[in-house]
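*Asks:* Below, the features straight out of Swiss-Prot:
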type	residues	note
BINDING	Trp27, Trp189	folate binding site
Amino acid sequence: MAFISFPPRHPSSSARLPLTLIALDDWALSTITGVDSEKYIQGQVTADVSQMTEQQHLLAAHCDAKGKMWSTLRLFRERDGFAWIERRSVLEAQLTELKKYAVFSKVVIAPDDERVLLGVAGFQARAALANVFSVLPNSENQVVRDGASTLLWFEHPAERFLLVTDVATANMLTEKLHGEAELNNSQQWLALDIEAGIPVIDAANSGQFIPQATNLQALGGISFKKGCYTGQEMVARAKFRGANKRALWLLAGKASRVPEAGEDLELQMGENWRRTGAILAATQLDDGQLLVQAVMNNDLEAESVFRVRDDANTLHIVPLPYSLEE
């Protein structure tokens, strides 16, 4: 019996989100197993996975030789290897790149479509899950396991949980929360990631940006002390030579349409508008507000005014829940 996804509804902001169970169809799970798995993944991503405990998950980038990101990966340990979650639109291309050198190592890299990805967020999310699972993650233990389920804890923009589980547990959870929780699709989790300033790399932006252009250093996703990995030289140069002039920004406001990933924005310059930046993700909330995650110059004025191209409405900068000060 397959897991049936949930119909879409406009997402809510974290501040006014009721208890919500979210089907994460736009994200995908993959694994690497085998005796060489840690050594192999360590040589491919920006974070130092050798320092990761069983109770941690972290965001890392998988880059090309020029330091441009194929994708960002939400990594955690699993059995004799690692699992990671990324946007489904980049899955195939990212796995192809990751497997390029696998023939020389004792590893198996594969997508995992057997398991289900769910988000639980909103009002009293912890209390709702405590009725179902015997243990829940928190700031100290960000990853816990309960039977067939792995639960990941997220602090921002408000406490929320990501579940990696089997079909039976997913259906059981849906049934238990029926009537108590709203059901929504990936757009709700996307809205929360945008609010949290977690970079969303879809196919349109794969291979376009170095990690620092999406604030990955501020999210603990880059180690400048670990050994070699693909793209390391360019990532290090951006830090030590100050070569990175871009950052990830959160914008909010109104627009007559929801722009696509890869589109640019327009910045108000006196009476005129100038094209700028690249949109990573955007979504419209249930109150009509548009949230936009974009990579733009890192020296923008806080009161800068933007718009979706040729739109009559405007967008403004919203502070992120973390600092970019090094």
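Residue 1 is the first one shown; counting continues down the chain.
Here the Cβ of each residue, glycine as well, is placed from N, Cα and C on the backbone.
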*Asks:* Could you work out which of the binding-site residues (Trp27, Trp189) has its C-beta surrounded by the smallest number of other C-beta atoms within 10 A?
*Replies:* Trp27
*Asks:* Kindly assign Trp27 (folate binding site) to one of the three DSSP-derived states: helix, strand or coil.
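*Replies:* Going by the DSSP assignment, Trp27 (folate binding site) falls within a strand, counted as strand.
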